[in-house]
Each structure stands twice: as C-alpha cells, then as structure tokens.
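Enquirer: This is the structure, below, for whatever I ask next.
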Amino acid sequence: MPFAAVDIQDDCGSPDVPQANPKRSKEEEEDRGDKNDHVKKRKKAKKDYQPNYFLSIPITNKKITTGIKVLQNSILQQDKRLTKAMVGDGSFHITLLVMQLLNEDEVNIGTDALLELKPFVEEILEGKHLALPFQGIGTFQGQVGFVKLADGDHVSALLEIAETAKRTFREKGILAGESRTFKPHLTFMKLSKAPMLRKKGVRKIEPGLYEQFIDHRFGEELLYQIDLCSMLKKKQSNGYYHCESSIVIGEKDRREPEDAELVRLSKRLVENAVLKAVQQYLEETQNKKQPGEGNSTKAEEGDRNGDGSDNNRK
C-alpha cells in the first residue's frame, strides 16, 4: 500500500532524528541518504496526488439514459445557458474509485489490479446480480447535479466493492481513493464543465430546475461490468471514456440466456426450413399430378358431351 510505505510518523508530525554517528561508514551514510530521498519522494507523491484514471460502472439501461435526457432537456428549456454543463450521451456512469497512473507501466499495473478485483467482487455478490435502482435528484453544493442511488441493501454491497477495489489497487502500489466518503451517484451535469457560466451569473444549480424529478424513478442498472477509464484521453465515438481494460461480473450467468436464445433461434430456423421443404415437396407433387388430372377431366367432359350428342340425335 503506497500510504503504508510512508513511515507512520510522517502522518503525525516530524519524527525525532537520530544524531549522526561519527563512526558510521560512508556507505551507511549513503544508504541512509537514499532512504530519506525515497521517503521524501513518497511524501511529494501524496502531496501531488492528482487522479487521472478511475473505475467506472457504465450505465447502459435505456430507460435510465432516456430519463436523464428528458431531465436534461427539461432543465435546458428553463435555462439554455446550462447546455455545456450537461454530461454528454454515452458518458453516464458511477465512479467506483479514482487513482493516479503516471505512465504506461502503472496503467499495466492498474489493469492487473482490475483483473485481481473480479473474483473479490463475485465473492461479495455470492453469485447474485446486483441491481442498482436510481431515484430522485441531488447536488453537491449546488455545483454537481446527479441522479441518486436509492436506499437499500445494494448500497452496502456497492460500498464493500468500492472499499475492496481501493485496497486491491493500493496493495499494487497505486495511489488510489479519496479522503471524502464514497457516495455512489450518477452525474448528469456539473458547472465546472462550463467555467464561463460564473461570468454569466450562474453560480449554482437552482433546485427549481429539477423539482419535478425530485422523486422520479429512473430505473435499475445491473452491475455487469467495471472499466478502468482515463479522465484525460480522448473519449470513444459513442461518448464513453477511453477504456484501458474491463472485467465482466457474473459473465457465465449473463451468457447462459444468450446461449439459450441461440438454441431457440436455431430451433426456429430448423423448423422453418423443414416446413418450407415440406411445402415445396407438396407443391411439386401437386404439379406432377395436375397434367393427368387435367386429361381425365377433359375425357369426362368429352363423354358427357358425347352422351349429349347421342341424345340429341335420338
């Protein structure tokens, strides 16, 4: 853990510095100097901690995303100045953990940590799906607007997953997490996206803008995927963040319905093919019989006509 690597005294004030021993060898002094440099770098790293990556739970339920778009449009109808403050399509997510990854090697370590996280998450969920229901609107000091995660047992499970993720990444030596308490939320707008708003007199998100959605139920999202995303790299064409790696939660359970659907589809295709073949066979059989049937009919008509002629002659 990166914070544990710093001596505990560094967090509690300056430690007592032992007096230099004049008999200490030059090599020992150099080793001590290297260790002090290492501690200073660690302290500087903590001070300069600027998260640039995060773990994301993507929100893909159309009911939720459509509801958020309706909410955003409702707000913009009341105040068009907020257009640039809105979170774009495809970017809706829950931030599970933030972290700092400074180079490609650290990104690779982060990818490994995410892979190690998967069995821990599945153990927490005990083979069950985690449904995340969203209801109502909230803000962070009037600066960030978000859809609330409804109360329930799912919150405890998500908090445990977030804490496990933080521990897993820190044990890999990654600076991760925040000092503030983790509060899962689904951001739909933030004023920091549009700094010019302050000059236009917009200093906070007014509650009246979203009052009709204050208790609105947006829907449920199943936790099925966790992504390691970049805050700074160019977003994907669908609007979602640049993704370094992903894990799928309960992958086996999610694939079974797909396999079952494929089986059902295959059966329907086979049944349709058989039915079509039978119909084609019957049509061909009828076509072969039709010429003979036609001659017989004509003969019968001829006999009837002949009988009629004889009768006339009589």
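Keep in mind that glycine also has a Cβ here, set from the backbone N, Cα and C atoms.
According to Swiss-Prot, the protein carries these features:
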- Thr95, His185, Leu186, Thr187: AMP binding site (BINDING)
- Thr95, His185, Leu186, Thr187: CMP binding site (BINDING)
- 24-37: compositional bias 'Basic and acidic residues' (COMPBIAS)
- 298-314: compositional bias 'Basic and acidic residues' (COMPBIAS)
- 1-46: region 'Disordered' (REGION)
- 260-314: region 'PKA-RII-alpha subunit binding domain' (REGION)
- 261-285: region 'RI-alpha-binding' (REGION)
- 262-275: region 'RII-binding' (REGION)
- 281-314: region 'Disordered' (REGION)
Enquirer: Once the DSSP letters are reduced so that anything not helix or strand counts as coil, what is His185 (AMP binding site)?
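Expert: DSSP assigns His185 (AMP binding site) to strand.
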Enquirer: How far apart, in angstrom, are the most distant Cα atoms among the AMP-binding residues Thr95, His185, Leu186, Thr187?
Expert: 9
Enquirer: If the CMP site is taken as the center of the Cβ atoms of Thr95, His185, Leu186, Thr187, which further residues of that chain fall within 8 Å of it by their Cβ?
Expert: His93, Ile94, Phe146, Val147, Pro184
Enquirer: For Thr187 (AMP binding site), what residues in its own chain, 6 or more apart in sequence, show a Cβ-Cβ distance under 8 Å?
Expert: Val87, Phe92, Val144, Gly145, Phe146
Enquirer: Among all the protein chains here, how many other CB atoms are within 10 A of the CB of Leu186 (AMP binding site)?
Expert: 23
Enquirer: DSSP three-state call for Thr95 (AMP binding site): helix, strand or coil?
Expert: strand
